[in-house]
Amino acid sequence: MDKRLSSERVNMDYNSLKQHASSNSVDSDSKSNSINSKLGVETMVPNDTSVTFTYLAGEKCQDVKNECTYICPYSGPSRGILTITNYRLHFRSQPATEKDPIVVVDVPLGVVSRVEKVGGASSRGENSYGIDIFCKDMRNLRFAHKQENHSRRTVFEKLHMYAFPLAYNEKLFAFSYTETFAEDGWCVYEPVAELRRMGVNNDTWRITRINESYGICDSYPAVWAVPKSTSDDLLKQACLFRSRNRLPVLSWIHPKSLATITRCSQPLVGVGGKRSPEDEHYINSIMEANAQSHKLSIMDARPSANAVANKAKGGGYESELTYQNVEIIFLDIHNIHVMRESLRKLKEICFPANDDQKWLSAVESTLWLKHIKCVLAGAVRIVDKIEIMSTSVVVHCSDGWDRTAQLTALAMLLLDPYYRTMKGFEVLIEKEWLSFGHKFQQRIGHGDNHHSDADRSPVFLQFLDCVWQVSKQFPHALEFNEHFLITILDHLYSCRFGTFLCNTERERVQEDLKHKTVSLWSFTNASPEQYRNPLYGGRNQCIETVLKPVASMRHIRLWKGLFCRWNPSMRAQDPVYQRTRELLALQEQLQKQVDEFRYENQSSTRQSARLSSPMH
Amino acid sequence: MAEIKTKSKKNFTSYLDSEALNGSEQAILNPKLLSGELEVARARNVLLFSPTSKIKDDNGIAGVLVVTNFKLSFLSFDGSHTSSIYQENIFLGKNDVTLSNIDYIYQMNDRKKRLVAPNIKILSKLDVLHIICKNFRVLKFGFKRSEVGKGKHIAEALAKFAFPNRHNLLFSYNYKENYYNTLRNISMFNKKMDWSHELLRCGATGWRVLSREREDNIPERTLPMHYVIPKTVTEIEYVKLAESFNRSRAAIWVYSLENASLVRMAELIPTITDTKQENKMLELVRKCDPMMRQPCIMELNKCLPSIQEVQASFLKLRELCTPDCTRQFMVQDVRFYTLLDKSCWLFYVSLCLKYSNDAAMKMRGRETVVLQENEGRDMCCVISSLTQILLDPYYRTLNGLQSLIQKDWVSLGHPFSDRLGHVINSDTTEQSPLFLLFLDCVWQLIQQFPEEFEYSETFLTTIWDSTFLPLFDTFQFNSEHDRQYAHKNEHLILRPVWDWGEQFSDKDIVLFTNPLYKKPAEQSRKSMAFLPPTAIPLPGLHQTGSRITMHVTQMATVTNQLPEDRFLEPKTTIRDLELWTQCYFRWQPLLEIKNGGYPQIDLYNRIILSNISKLQQALQSHDFDDLPTPTNESENVINGVGPMPSISSFFPFSGNDTNSNELADILTLSYDLLTDGSIIDGLSLSQIPD
């Protein structure tokens, strides 16, 4: 024990940020910081050298306070220096003795959900007067201030100002961040190229730019693929029968059977059971675009009761009577409010800790895993329809931007090995989540202080959790590792990159994010090695293989590497990967030697062959 | 695809209906009988159902069901020519279970479901037998298509033979096949030499071996002929003192680290009210330490579950892993984690790991630890052996684990026969799978320290399965005394389970090793001293002296990057534990992940190891002809590993679907090194000559 601690400390002295990356800071930052300083980007470092973190390009110090106390829920209070910049909150303890470990807290302010003062003028006792910070990434932080220092007020104000810039009509940090990367992540996804990859245009599907200026549907992308047999006029009519004009367009097409996944929002059936001949015709064309099947499955992500209840609000679902040869299946996934509540409960038991003996029951009672199971099970049903029955599937929920995105993206990951590569996964997120208008701004609440906003919900987090579950069941199937998923999540909140800002493609174009901010993929693609899964066997071994995870609770596990990562006593879940990495490196070195020998041998035999040829 | 399915089903049904089925086809299906094995009942046209499928479905596999005095054997028509690769036991077919493995048998018809047991009436109209095995296997047989009364016939045979009420009714006593023990690298701890070696290996100076003269001293029956006691006392004094303890089991040494010893001791017999004798005994233990430090006493009864609690927990866990229909599966699934919590299984695993870790920490702090328990032969075995695995890398090797089980479980008298329920009568109701609890704890350690263990989870699961195989004596007796008695008086042939070549072929034995194992660069003094120079390696488990190994050992001496003390400090809270899915889920087809699960990791690393071994050999011999040429570096080969054969998450306990030839090749090809799987591990990357 002692040994471990002291070695940790030594390491920390060399590079405190890196050492703590796993426990207290957003992992990936340390890496880019070092890149940063290498590139000679100007950074503002305060005079006090004990504050050891490297500023990002565009990051500026706003406040430094000595004698702050961070109250760690695991290891207790430690005193040190608190720094607030326009990007982050940074705390570094100044240990009283050599033996005490150095505690570092490094949080991008985008992660902050709520800031509150605790204790007032009458507070007695040590550490009872300070600030509580509630984070979107499962942490709560408490900093105690000395009343007599009057340090709390400015800290509180600065925190507010930079965590919630929208409340002050200021811009998010992403607009100040100026780091440049070799590759421009904004170019990762090119809609037409992606459709071409899937073979569109083809005999039955065509690309349309009818929504080029977002005039038909303002929450949809500019480029769609639709059945070739449908005219643009029909699209204009048909979309009127779908909530927010989100009519069915192509997400994915099977390379052989041409069975498709299309996505949309609910039909505007209402209590009276309204019909739209255009919509019925359009749905029929989707079915007919697939010659392999004379049926079409509509997967309504909602519980059937919710779908029925939506009729009262003018929505609803397709009737099997009015839509010919259509079967409708409800996938029983609950709405954003249920998911938010579930995550809140999960946070309660994961942070800081819970009664160990009832741990499993406590996890189950949050229903988080049950929701994950439902999403996975839904995706597997879609996969079965496509793969086994060669039947096309239309997926929708109410608006078709939350549960629908979860299902289509997950089903595509299971069906198509391309989305299991790092680049492919980035494309998948760009396409199914960003371009189809998952409302990231609302769901995450970037930079606004309405922490109890009912529009916030961990829908995207849930999707990444499902991907993690897939990676656990198929350890060799994904090119990227858990760290990649966590990095995406960290920057979902951090507001350092433009990727997850705004609600729709239209807004992103208006804001000109491509030019004014940096893409998260520029950052991740600059150092792909750290995100690689060493067990990934390449596309060859799963090119035909559709992944079929078992959606049983017996296989669904809590993602401890994410939800419990702030607990220093949690063990790392995957020590096997390190070993595999070592073996691969060894293999590579040996191969190199063999190749060298071979090369030498070849050249020498060629020589000797020429010399001795008459003898043969 | 769906069409093909229904088609084949139709064919199958029509085939079933044909006369051929009732006639000669089934008559020639005979189980392979061992010497001394007798067929006692047979039924034709029996349907084998998957564990959760509805009985009414016509989706069973048709075949012949045979009961012998050794096993329940199901032979299907199509089963013989499957090409898939799975663990094949030489003594058991794919659909066979030994009678020892059978725990509960339910007889069912449209209206009733009741247990089959010696005193319970068998239904005259019996449609289904539902069998639950001790190793979580579930078998469901339907008799609707077989002759009237055949279900009852089978049930009666099982009631009679599956629940023997005397030990000598076990098949072990009938099996007269000769056996010549050639095992040399596993210490059986039944000879004085074994204990002396162990004392030497541990550098324990304050202790000596006690060898008893008389065999039939009743109170000492649970003890082996040889065990280790304090040097500070005469044999006579020790034996006298020991009489005050349950079963005369006073302080017995099992392990030492520096001068700290691990000691097992029973409690004082209940009629003794003062602790004078115990204090005397502990004083003797204290004097074994040259520093005379006070030993620490861990009263296991107070901190760990009783055997009854472990059994209750086991039954709940098994219920959760053996649903009898899809509906029950779903019902359990909804509350799976709560039900798992309520079983307390992981809680008990967590406690065992915690107290073993405590004991290990104390010993590292130079404190002697005395494990005290009622008779000192249940939880004492669990905690003692786990503590040693935490402290000593030798016990993380294949030979080490087997020797450890011999020492702490077999030799020191864990009542295997009672705990595993080999014999069913009123005296022996103390069934409790403490041994499984131990194996589960070891499995948790492998999860946390995958590089530290030479053996794989498949090895642990196979050991558990082997406890129900009466052909091997290792897990059949309550004590060494009982074993020797049966050997001498009933001519039972002793055949240690550790001779794995008796049960499995090389392709299965290969999977007992862990490809992630990092073998210590220099074998520690402890394990080196352990192997006698004449040791004959167990087939497939070690290849000392082979060229590769020599080569590696030479290189390995250059540097040693591994820490000198390889103590393990496991996380022990429930939130850090996992459920041992291979062992518990493998009989449930609903839970099988096709092309997924841990076997993928295992196989992938085996392939890399195999590549490394080939490259090393080529570099040594300068012969590169057998290596694939670098020109085929296409997109297909990533990381130098080509396409992997498809295996499921239950591999090797269920077959792979395709490419079985390829898989067989990989397993046989990597066999050389698997055995020494870990060869490279002594090497650090920096050691490779440039």
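Glycine is treated like the rest: Cβ placed from N, Cα and C.
Per TrEMBL, the feature compositional bias 'Basic and acidic residues' maps to A:1-11.
According to TrEMBL, the feature region 'Disordered' maps to A:1-34 (among others).
What TrEMBL records for A:22-34 is compositional bias 'Low complexity'.
The domain 'Myotubularin phosphatase' annotation in TrEMBL covers A:185-563.
Annotation comment: TrEMBL describes A:Asn310, A:Lys311, A:Ala312, A:Lys313, A:Asn335, A:Ile336, A:Cys397, A:Ser398, A:Asp399, A:Gly400, A:Trp401, A:Asp402, A:Arg403 as substrate binding site. Just so you know, the Cβ of A:Asn335 (substrate binding site) picks up 17 other Cβ atoms within 10 Å once every protein chain is counted. DSSP assigns A:Asn335 (substrate binding site) to coil, not to a helix or a strand.
Listed in sequence order, the residues of the same chain lying 6 or more apart from A:Cys397 (substrate binding site) and placing their CB within less than 8 Å of its CB are A:Ser265, A:Gln266, A:Asp300, A:Ala301, A:Arg302, A:Ile333, A:Arg403, A:Thr404. If you look up TrEMBL, you'll see A:Cys397 marked as active site, phosphocysteine intermediate.
The region 'Disordered' annotation in TrEMBL covers A:597-616 (among others).
Taken from TrEMBL, the feature compositional bias 'Polar residues' applies to A:600-616.
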Can you count the other CB atoms that lie within 10 A of the CB of A:Ala312 (substrate binding site)?
10
Please determine which of the binding-site residues listed here (A:Asp399, A:Trp401, A:Arg403) has the lowest count of neighbouring CB atoms within 10 Å.
A:Asp399
Counting every protein chain present, what is the number of Cβ atoms, excluding its own, within 10 Å of the Cβ of A:Asn310 (substrate binding site)?
22
Kindly assign A:Cys397 (substrate binding site) to one of the three DSSP-derived states: helix, strand or coil.
coil
Among A:Asn310, A:Lys311, A:Ala312, A:Lys313, A:Asn335, A:Ile336, A:Cys397, A:Ser398, A:Asp399, A:Gly400, A:Trp401, A:Asp402, A:Arg403, recorded substrate binders, what is the largest CA to CA distance in Å?
21
